[in-house]
Amino acid sequence: VSNIVPESCLLIVVGLLVGGLIKGVGEKPPILKSDIFFLFLLPPIILDAGYFLPLRQFTENLGTILIFAVVGTVWNAFFLGGLMYAVCQLGGPGLNHIGLLANLLFGSIISAVDPVAVLAVFEEIHINELLHILVFGESLLNDAVTVVLYHLFEEFANFEQVTILDIILGFFSFFVVSLGGVFVGVIYGVIAAFTSRFTSHIRVIEPLFVFLYSYMAYLSAELFHLSGIMALIASGVVMRPYVEANISHKSHTTIKYFLKMWSSVSETLIFIFLGVSTVAGHHYWNWTFVISTLLFCLIARVLGVLVLTWFINKFRIVKLTPKDQFIIAYGGLRGAIAFSLCYLLDYKHFGMRDMFLTAIITVIFFTVFVQGMTIRPLVDLLAVKKKQETKRSINEEIHTQFLDHLLTGIEDICGHYGHHHWKDKLNRFNKKYVKKCLIAGERSKEPQLIAFYHKMEMKQAIELVESGGIGKIPSAVSTVSIQNINPKTLPVERILPALSKDKEEEIRKILRNNLQKTRQRLRSYNRHTLVADPYEEAWNQMLLRRQKARQLEQKMNNYLTVPAHKLDSPTMSRARIGSDPLAYEPKADSENLPIITIDPASPQSPESVDLMNEEPKGCGGLPPSPEEDEEGLVMRVKEPSSPGTDDVFTPGTGDSPSNQRMLRCLSDPGPRPEPEEGEPFIPKAQ
């Protein structure tokens, strides 16, 4: 049944049955007293909501939430109160005596969205974070408006005449009530955080301080007619980051589960008592008043959301779509706060209290039953985005912080002081001053990313131990975290065989030694902290010397040589010899000339041109004659080598490498123009 009907509806039905049963046996059913509701049942629900409030989504959408909570609630109260006053004037003799202030008071009671009802319904349908925080944030923050309007109209009803000064003072009292509640909550939150700094030797009472100071904040605010809900939320939000850094993990688990349990019990009792009080209370049914109240409640909510969203979307980057607007308007549920506020009214001044109570119970039942039961199928029908259960990772945290830093820098460059700028200022102040005072030990200096990593690592370790699989340790979990937790008894059937303690210690020792070596061998790179390598300077000097020597040798060669003529390929040389063999005949008087022999048998190899004797003319000590200068090179036929000798590796006279290089440099004729077509490779002697 709970898959179709919300849990809150079932609890009201249980209350109706219990109330009917008590009345059936002749007893008087108990009624939900306002003191019990406001002092004992409401604070746990609000503290649970405030302590575990998703702060990032809340602060990013704070402007939208405040507009819905303040402007929307004021609009609902005055619109509903004005129209109900018109209905009372036109409704006949039973309603004529209800004045304008009484109707405005009724409008202020019924206009506020109830956080208990919203939590009960919205947590079951798993709506996306944006819509959840908008509706739930509105239900939390509209408490200040409700308290101000309620007390204002209650006081005005006793006045004989309301002046303009009273109205102005009433307007300013809104800021006093809301900001005063926040201030009281912040004071108690700081005291709780400071106290938790000194509880390291008595871990047992750590959770007690969280509950005690939060409840003290609520009572102090209510004592001075400030907003108790705002005080509770402020104290929970302020104390949580510092308290969690100081207390032990067992205390953290205690706080978490005790708050969840306490708020669930309170929520259950509230809805059951609503059902019982419906049976037990005195009712005065007036069709005109009740139906008009229900109709105008829906109209005021829809009109308020549409107009305010049109205005808000002008300033929002992520716009609220028509689907979102429908869910926000449809999720405006009323609950036990309205019932308790109406129950607080005095019969002397408000004789129509029973009729007000009947109308309020009707609106609560309609919103919780009809809207609460139909919102889940409507969300599925409209394909509204659901909440995605994903675990936050280090990668996501790094990118989130990087984007925050980037957006802060962009705002600074543009000269626009947006919420990123002020958030950065607050974080700097918190890190520089507040953390040092409220967090004990080294945790105060710990970077945010490291703190998040430790939290995530401990969470994984606890889940791992609870699941009973230490053999399946993921790489992200260190053994240090696991040693700090008392593991439960492992199940008998395990997938991996259990290791003995000696074997486990041996494996750890091997890993520790190897990891230590690895850590020594692989240094992390940081260009600011690089250590100079002692051998690196010597290598650089050696390379520079080699480079200079090579450059000097190239310069010397350039001074001694002229660029050589481009060599023809062996195939081209063979073609030239075959076209004009007479041009290459050897001369009779050419004993002392350099000889180039060409082997036409194998033109493909570059070794087909052999250097046999390339000596400078007149190398025998005699100056060369003018005739020999004009003769140029003379071709000689290569003499066949004697058997057993290697014509490649047998060195000749004057064949040392240095000799050959010097001779080649001095005898190179240098560049010459390309031969024309049909011209022989070496010209004939004239």
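Heads up, the Cβ atoms here are built off N, Cα and C, so glycines get one too.
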According to TrEMBL, coiled coil applies to one of these ranges: 501-528, 641-668. Which one is it?
501-528
Look up transmembrane segment in TrEMBL and report which of 242-263, 264-285, 462-483 it refers to.
264-285
Stretch carrying transmembrane segment according to TrEMBL (options 205-224, 325-344):
325-344
Cβ-based contact of the transmembrane segment (65-86) with the transmembrane segment (36-53), 3 or more pairs under 8 Å:
no
Averaged over the domain 'Sodium/hydrogen exchanger regulatory region' (477-561), what pLDDT does the predicted model reach?
65
Look over the recorded stretches 98-121, 133-153, 165-194, 264-285, 291-313 and say which has the most C-beta pairs under 8 A to the transmembrane segment (325-344).
98-121
